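Asker: Structure in structure tokens, see below.
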Amino acid sequence: MSHPDLFSLSGARALVTGASRGIGLTLAKGLARYGAEVVLNGRNAESLDSAQSGFEAEGLKASTAVFDVTDQDAVIDGVAAIERDMGPIDILINNAGIQRRAPLEEFSRKDWDDLMSTNVNAVFFVGQAVARHMIPRGRGKIVNICSVQSELARPGIAPYTATKGAVKNLTKGMATDWGRHGLQINGLAPGYFATEMTERLVADEEFTDWLCKRTPAGRWGQVEELVGAAVFLSSRASSFVNGQVLMVDGGITVSL
């Protein structure tokens, strides 16, 4: 096996949730550049169509699958439709996620429930639905998008931190249950990246100054810097890697 083949995704089909923008869209494009046939998932058809047009403008191809990852029945039906109409899902990037910020003592039940529904329940719903098809085939890659917030806490985002801690340990549980069937399930944990979700923090000079001093790399991450890790975890290069969470964080989790 040559070195390029080790990381090639040619012939593999990848479902990426929350793929209409941000990290999900960037990872989807990255997988496509390494040869994967990408299926973009989201709840909004117009947003997905726009994302698909962006693929075509860059000479890439993608299909779309509109369903709500927080609705288990919709997930089961959506995954089944992809398998039936497009072909087997070889790679799942469980990316869909949201953020809510407020002091913990003021945090609303609705915001708590929304976070749990999107950040935790959806990872289980989509992971389970896809794994049910992967297991009989004896192969498959699942990459759950985690966060450094599973290891670090900051004021105002305690519930988000709780959801990402849950995803980290759900990843380990998935690997324990499904590894025996030939699946590899791992996590990719971004540090502080400049995305739509972090626009307010990027614009906050005081926070950015603190972050750059706190991070050995001395800067915000750029979303394209997540692609290499995603390709590794999606490819044959990680065939004996299971239940791990790969931190892509510029070193912030190892620095005091």
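Here the Cβ of each residue, glycine as well, is placed from N, Cα and C on the backbone.
According to Swiss-Prot, the protein has these features:
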BINDING   15-39  NADP(+) binding site
BINDING   S147  substrate binding site
ACT_SITE  Y160  active site, proton acceptor
Asker: According to DSSP, does G35 (NADP(+) binding site) sit in a helix, a strand, or coil?
Answerer: coil
Asker: Among all protein chains shown, how many Cβ atoms are found within 10 Å of the Cβ of G35 (NADP(+) binding site), not counting that one?
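Answerer: I count 15 other Cβ atoms within 10 Å of it.
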Asker: Tell me which residues of the chain lie with their Cβ under 8 angstroms from that of A19 (NADP(+) binding site), as long as they are six or more apart in sequence?
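Answerer: Counting only residues 6 or more apart in sequence, the Cβ neighbours of A19 (NADP(+) binding site) under 8 Å are L25, L27, A28, V38, L40, N41, G42, L48, A51, I93, N95.
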Asker: I want to check the contact list for the residue listed as 'active site, proton acceptor': same chain, sequence separation of six or more, C-beta distance under 8 angstroms. What comes out?
Answerer: Q99, R100, R101, L115, N119, S147, Q149
Asker: Out of L31, V39, which of the binding-site residues has the smallest number of neighbouring Cβ atoms within 10 Å?
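Answerer: Sparsest of the binding-site residues L31, V39 by Cβ contacts within 10 Å: V39.
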Asker: Using all protein chains in view, find how many other C-beta atoms are within 10 Å of the C-beta of I23 (NADP(+) binding site).
Answerer: 24
Asker: According to DSSP, which kind of secondary structure is L15 (NADP(+) binding site) found in, if we only use helix, strand and coil?
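Answerer: It is in a strand.
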Asker: Going by DSSP, is I23 (NADP(+) binding site) part of a helix, a strand, or coil?
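Answerer: Assignment for I23 (NADP(+) binding site) reads helix.
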Asker: What are the sequence-distant neighbours of L15 (NADP(+) binding site), meaning same chain, six or more residues apart, C-beta distance under 8 angstroms?
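Answerer: The answer is V39, N41, A65, V79, I82, I89, I91, L92, I93, V126, V130.
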